[in-house]
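Asker: The annotation disulfide bond is assigned in Swiss-Prot to 104-181 on the grounds of sequence analysis. What Swiss-Prot lists as S-palmitoyl cysteine is 314, 315. Residues or ranges marked as N6-(retinylidene)lysine by Swiss-Prot: 288. Annotated topological domain 'Cytoplasmic' per Swiss-Prot: 56-67, 128-146, 223-244, 302-351, in sequence order. Annotation source Swiss-Prot lists transmembrane segment at 31-55, 68-92, 108-127, 147-170, 195-222, 245-268, 277-301, citing sequence analysis.
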């Protein structure tokens, strides 16, 4: 089936808003499988992102400026879950987009808006760590107003690039299995292709470049600190931990957004390309699963957040800690520079 089938259903095939798309697009079992996946994503993402927001509200010590962008990411991911994954769940149960064309446009807009906020939050997070750790601005003090500005930028930038399809520059249409909506990669033409190419550059290439630049310089800074203290085990351990953490962060970003961006670019620039509906749906579902692993990678690995979460879940009781220092909680004689750099990469303390 051609990639533009969402726009022109074959004779005898119900429209995406008219009735079940099985067996025309895929077997009914495929829709059931996707519904199970989306149900799992909705349940898990709602819990983990909700916990991030609630714990951050309840514990003042978590509300340091460097943590604002993490809460911003959790809010964006929760909205993606509510506006995108939950709608997709209902539609896949029914086999078509049951809410109609207007809701399709609204869902496409909201998922694009909050998705762009999420991916740019990861880029701003990397930039903030670079500024704090590498000090390119000298004795710069990262404060609340800087954190708020970073969060505001993600929403303003996302609105700038998610609103045009509502105003005539491209459009939001059913995609893949026709149970979710997104930008019109399929139809072609200068109107759609110019938007897709602009979106690819501004909402994938730019944030990815910023992430790679920031984390590369951060690792070089930490490596230089480790080289000056070759005998300090804590320094060497911090370098290894941060290196692993950065690799996980970058790979998670690519896993989430590379399939979606590549698919959009290929379809937009190759007219008449043949892509099966199931394959066309995969990139969208990859991006939605990020709402589960983003908070796990960026927040739940935070030692101080773990402590506050356990305290909240245990109704104020703090589990006994062993005397052995964990990787995230260096002992009293640990190297201050290494621990400081590590904590600022995955912040646990106010700066």
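One is the number of the first residue shown, and numbering goes on along the chain from there.
Using the three backbone atoms N, Cα and C, a Cβ is placed for every residue, glycine included.
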Asker: Which residue, out of the recorded positions 181, 315, shows the minimum number of other Cβ atoms inside 10 Å of its Cβ in this structure?
Answerer: 315
Asker: At a Cβ cut-off of 8 Å, and with pairs 6 or more apart in sequence only, do we get at least 3 pairs between the transmembrane segment (68-92) and the transmembrane segment (195-222), yes or no?
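Answerer: No, these stretches are not in contact.
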Asker: Using a cut-off of under 8 Å between C-beta atoms, tell me which stretch among 108-127, 147-170, 195-222 contacts the transmembrane segment (277-301) the most.
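Answerer: The stretch with the most close Cβ contacts to the transmembrane segment (277-301) is 108-127.
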Asker: Report the nearest neighbour of residue 314 (S-palmitoyl cysteine) in space among the recorded positions 104, 181, 288, comparing Cα positions.
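Answerer: Closest by Cα: 288.
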Asker: Rounded to the nearest Å, what's the C-alpha distance separating the residue listed as 'N6-(retinylidene)lysine' and residue 181 (disulfide bond)? Just drop the number here, would you?
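Answerer: Cα to Cα, the residue listed as 'N6-(retinylidene)lysine' and residue 181 (disulfide bond) are separated by 13 Å.
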Asker: Counting only residues 6 or more past its boundaries, what in the same chain has a CB within less than 8 Å of a CB in the transmembrane segment (195-222)?
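Answerer: For the transmembrane segment (195-222), the far contacts come to 116, 119-120, 122-123, 126-127, 129-130, 133-134, 136, 157, 161, 164-165, 169-170, 183, 185, 238-239, 242-243, 246, 249-250, 253-254, 257, 261, 264-265, 268-269, 338, 341-342, 345.
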Asker: Near the transmembrane segment (31-55), which same-chain residues lie under 8 Å Cβ to Cβ, leaving out any that are not at least 6 residues past its ends?
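Answerer: Distant contacts of the transmembrane segment (31-55): 21-22, 62, 70-71, 74-75, 77-78, 80-82, 85-86, 88-89, 92-93, 95, 177, 179, 281, 285, 288-289, 291-292, 295-296, 299-300, 305, 308-309, 312.
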Asker: Applying a 10 Å Cβ distance cut-off over all chains shown, what neighbour count does the residue listed as 'N6-(retinylidene)lysine' have?
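Answerer: For the residue listed as 'N6-(retinylidene)lysine', the 10 Å Cβ neighbour count is 25.
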Asker: Given a separation of at least six residues and a C-beta threshold under 8 Å, show me what packs close to residue 104 (disulfide bond) in the same chain.
Answerer: 16, 17, 97, 172, 173, 174, 181
Asker: Tell me the residue counts in helix, strand and coil for the topological domain 'Cytoplasmic' (128-146), as DSSP assigns them.
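Answerer: Taking each residue of the topological domain 'Cytoplasmic' (128-146) in turn, the totals are 10 helix, 0 strand, 9 coil.
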Asker: If you run the three-state DSSP split on the residue listed as 'N6-(retinylidene)lysine', which class comes out?
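Answerer: The residue listed as 'N6-(retinylidene)lysine' sits in a helix per DSSP.
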Asker: What are the DSSP helix/strand/coil residue counts across the topological domain 'Cytoplasmic' (56-67)?
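Answerer: The composition, in the requested order, is 9 helix, 0 strand, 3 coil.
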Asker: Please state whether DSSP places residue 104 (disulfide bond) in a helix, a strand or coil.
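Answerer: Once the DSSP labels are grouped into three classes, residue 104 (disulfide bond) ends up as helix.
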